[in-house]
Amino acid sequence: MSVKALFRKEWKQSKMYLLMITLLFIFLYPMRAILGLEEWRERTNQEYFMPEHAVPGVFGPGSSGMLIIIFLVLLAVQFIGTERNTRRHDFSFALPFKRRTMFLVKWLMGAGTTTIVMLITFTIAYFLISTSEFGMYLEPSYFSLFLSQWLGYLAMYTFTLFIGTITGEMVSQIALTFIFTIFPVGIFVLIDSFMRVHGFGYFQYYDIFSIHYLVWPLYILSGPFGIDDLHLWVPAVATIVFLSVGAWLYERNPSEHNGEFLLFKQLEPFFRVGIIACFALFGGMIVSSLVPFSLSNGTQILFYWIGFVLFLILSYLVTKRLFAMNIKVKGK
């Protein structure tokens, strides 16, 4: 059976997401460039118009970029999480293909489409501006403008697929993708809150934000002026690692746990402890922030532990229910 048949199968279930991603890239780059040129020509004689900032800003963050991230996550969930919920996964594994090949095809559908469409739309936008009277204000390196966002999209998509190889259904895939995307910075914020309330001091600014390069959407949303501050090798290496480990795990996925929160039961104790601990710290931070500054530090500590215990109990009950569920959805 030809691999082309596998591509056709994946295209059939993903074409809506891929078309939406294509349209969003058209709005993100060529349409913004065309509309930007019209606006700049009207504002050329205005005193406060600064083309050196406005022109490169066309390639910066926008609502379309955020939507592309969301649709890439949904695409990865469609490929793995939804397949598990609808039991189409069992049919896929019955096909005469290696699981590694199936995983790589899923990755190529998203990564290939993102790369080709972004390259075309980005180049059109860059060409429109570079050949206009505003071309002198563009960044000298086309490659540096393109690379950060492209690597961010690939890392985010590959990361979501990787999460799908350890989760048993779409809800847990979405939830853990969101949690672990913000986790590098989020855990520092939670620990900083605990230390601050109890008088242990603060994390320095650079301690918290020195790991911002592990949050993949920042490479997309940083804009052309933030590229120099990012370590572009990080999402490149992360994409390779997530792809390699994801393919390895996909080959070893136990199908009997499809529909459950996690596929690998040996990971459950770590996730239980992690989820409960993080939500307890989060509860302490939220409740202690309600205490007026005029009250004593002892009052803030008291409220911190009230919130900590309440969220500890709540997260324990939710986690217990979460790991016991088995979601099945009737699919066509």
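The backbone N, Cα and C atoms fix where each Cβ goes, and this holds for glycine too.
Automatic prediction, not curation, is the source of TrEMBL annotations.
Remember, predicted model here, so these are calculated numbers, not experimental data.
Look at TrEMBL and you will find 60-82 (among others) tagged as transmembrane segment.
Counting same-chain residues at least six beyond the ends of the transmembrane segment (103-129), those with a Cβ under 8 angstroms from any Cβ of the stretch are 3, 6-7, 10-11, 14, 18, 21-22, 25-26, 28-30, 32-34, 36-37, 55, 58-59, 72, 75-76, 79-80, 135, 138, 142, 145-146, 149-150, 153-154, 157-158, 161, 165, 243, 246-247, 250-251. Residues annotated as transmembrane segment in TrEMBL: 103-129 (among others).
The feature transmembrane segment is assigned by TrEMBL to 141-162 (among others). Sequence-remote contacts of a segment are chain residues at least 6 beyond its ends whose Cβ falls under 8 Å from one of its Cβ atoms, and for the transmembrane segment (141-162) they are 56, 59, 65, 68-69, 72-73, 75-77, 79-80, 103, 106-107, 110-111, 114-115, 118-119, 122, 126, 173, 177, 180-181, 216-220, 222, 224, 227, 230, 232, 235-236, 238-239, 242-243, 245-246, 249.
Residues or ranges marked as transmembrane segment in TrEMBL: 174-195 (among others).
Taken from TrEMBL, the feature transmembrane segment covers 230-250 (among others).
Marked as transmembrane segment by TrEMBL: 270-295 (among others).
Taken from TrEMBL, the feature transmembrane segment applies to 301-318 (among others). Long-range Cβ contacts of the transmembrane segment (301-318) within its own chain (Cβ-Cβ under 8 Å, at least 6 residues beyond either end) map to 194, 197-198, 275-276, 279-288, 290-291.
Outside the transmembrane segment (60-82) by six or more residues, the chain places 10, 13-14, 17-18, 20-21, 24-25, 27-28, 32, 88-89, 106, 109-110, 114, 149, 153, 156-157, 160-161, 164-165, 167, 169-174, 177, 217, 220-225, 329, 331 with a CB less than 8 A from a CB of the stretch.
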